[in-house]
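Quick notes on the structure that follows.
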Amino acid sequence: PAPSETTGESTPAPSETTGESTPAPSETTGESTPAPSETTGESTPAPSETTGESTPAPSETTVPSGESTPAPSETTVPSVPSGESTPAPSETTELRIIPPEVSTVAVPVTTGQITPAVTTEHSTEEILTLPPPVVGPVLPAKPTVDISKYTNTTTTKSTVPTTTIPPKATCCGSSGESVQAGHMWQTGCDVCTCNGTSGKTQCAPRQCEKEIICKSDERRVLRKPGKSCCGYCEPLTCKHNGTEYKLGATFIDKSNPCITYRCDASGLTVNVKSCPNEQVCSKSERTYDSDGCCFSCDTSCKPVPATVGIQGEYDYQNEKTNCSANIIMAKCSGQCQHKLTYDTIDNKVVTKCRCCKADRVEPRKAHLVCDNGKKKIYKYKHITSCKCTSCTAYNIRL
C-alpha cells in the first residue's frame with residue numbers, strides 16, 4: 001500500500017480575526033496546506049487511510065500540553081470598573097501561531113513490508129507575535145480638573161439659630177367655609193383677604209377705576225350693594241311723607257291745602273297761599289276754589305235739596321198702623337248781607353239781620369209705606385224759591 005500523503009509544511013491561518021483578516025496561502029504543487037479550525041490547547045492527529053493494515057501516520061505533531069498556546073479568534077477586552085470608561089482599540093491584536101517545521105525522510109521499501117513514513121520534527125517552538133498597541137483616549141480613573149479652587153475648603157459651623165415656621169392659619173369665608181391664608185374674595189362691595197398670621201379676615205372697600213360724574217338733574221349714589229359698588233347716577237327726586245316725586249313736580253299738602261310743595265334740584269320748596277276777602281259763614285255755605293284752600297260764602301239765597309224722614313200713625317179700616325218714608329224736599333240756603341246802623345238815641349251800633357227764607361212753594365205728594373203693607377199718600381209743600389228777608393218775618397209753614 002502507498003503511504004498516505006504527508007503534509008510537507010502546514011501553516012494554519014486562523015479562521016476568524018477581528019479588525020484585520022489574514023488570507024490563507026495558496027496551494028503549491030505536491031504540498032497541501034489545509035486551513036485548520038480554531039486551535040485549542042491540543043491538536044488531534046488525523047490518521048491516514050491504508051489498505052489492509054493501517055499504520056497511523058500523524059499529519060500533525062502533537063503539541064505538548066505544557067507548551068500549547070491557544071489562538072483565540074476574538075480578543076477579550078477587560079472589563080472596566082463602574083464609573084470609568086475605557087474605549088476599545090480600533091484594531092484587534094493579531095495572534096499568529098507558527099507551527100513546528102516538519103520534514104519527511106524517504107525510507108527504502110522492501111517487497112511485502114509496509115514501512116511507515118518517518119517524520120522528523122525539527123522545531124516545536126511556537127512564536128507569539130503581537131502588533132504594537134494602539135494609543136487612544138483613555139479616561140482617567142479620577143477627574144483631572146481640580147475643583148478645589150472652585151470650592152471653599154474651609155468649613156465653618158453656622159451659628160445662626162434655626163427657627164421653625166408655624167403653619168399658616170386659616171380664616172372663615174363668607175359662607176362659613178374654611179379658606180387658606182392669602183385667599184381673596186368679594187363680599188358685597190368689600191374685598192376680603194385671609195391673614196395667615198392672625199387667622200382673621202380683613203375687608204376693605206373695593207377700589208373703583210374711574211370717578212362717576214353726574215348731570216345737573218342727577219345725583220350720585222356712592223354705594224348700593226347688589227346694584228353698584230362704584231357708584232352711579234340717578235335722577236333727582238324728592239320724598240314727602242313716604243311718597244317720591246320727580247324733579248319739577250308740584251303737589252299740595254294733604255293735611256293743609258293752602259301749602260304747595262315743589263321739587264327742585266336743591267330739594268323741596270314750600271309755598272303758602274293766602275286767601276283775600278275772607279268771609280265768615282257756615283261750612284255748608286262755603287264754596288272752595290280748585291285747590292280747596294280759599295272759599296267764598298254763597299250770598300245768593302236759593303233752595304237746595306234736602307232729605308227729610310216722615311213717619312206717622314194712621315187709621316186704616318178702623319185699625320191704626322204706622323207709616324213712614326224718606327222724601328227729598330228743598331230748603332233755603334245762602335248768606336244774606338247784614339246791615340249795620342248807628343242808633344243816635346242809644347248811641348250804639350245796631351245790626352239788622354237778614355235771613356234766607358222761602359219765597360214760593362208748591363204742593364206735592366209722597367207715598368208712605370205702612371206696617372200692614374199698604375201705602376198712604378202724604379201731601380206737603382215744596383219750596384221752589386227763596387229770598388233774603390228780615391229775620392223777624394214769619395216762617396212759611398211747610
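Backbone N, Cα and C atoms are what each Cβ position is placed from, and that goes for glycine too.
These numbers come from a predicted model, not from an experiment.
Only one of CYS263, CYS275, CYS370 is recorded by Swiss-Prot as the disulfide partner of CYS323: CYS370. When you check Swiss-Prot, the disulphide partner of CYS356 from the set CYS297, CYS301, CYS391 turns out to be CYS301. The cysteine that Swiss-Prot pairs with CYS388 in a disulfide, picked from CYS297, CYS332, CYS336, is CYS336.
Each of CYS297, CYS332, CYS353 is a candidate, yet Swiss-Prot gives the disulfide link of CYS386 to CYS332. Spatial neighbours are here defined as Cα atoms within 10 angstroms of one another, and by that definition CYS386 (disulfide bond) has no neighbours among the disulfide-bonded residues CYS323, CYS336, CYS370. Relative to CYS336 (disulfide bond), the disulfide-bonded residues with Cα atoms inside 10 Å are CYS301, CYS356, the candidates having been CYS301, CYS323, CYS356, CYS370. Across the repeat '5' (41-51), mean pLDDT in this model comes to 39. Residue counts for the domain 'VWFC' (169-234) by DSSP state, with H, G and I taken as helix and E and B as strand, are 0 helix, 27 strand, 39 coil.
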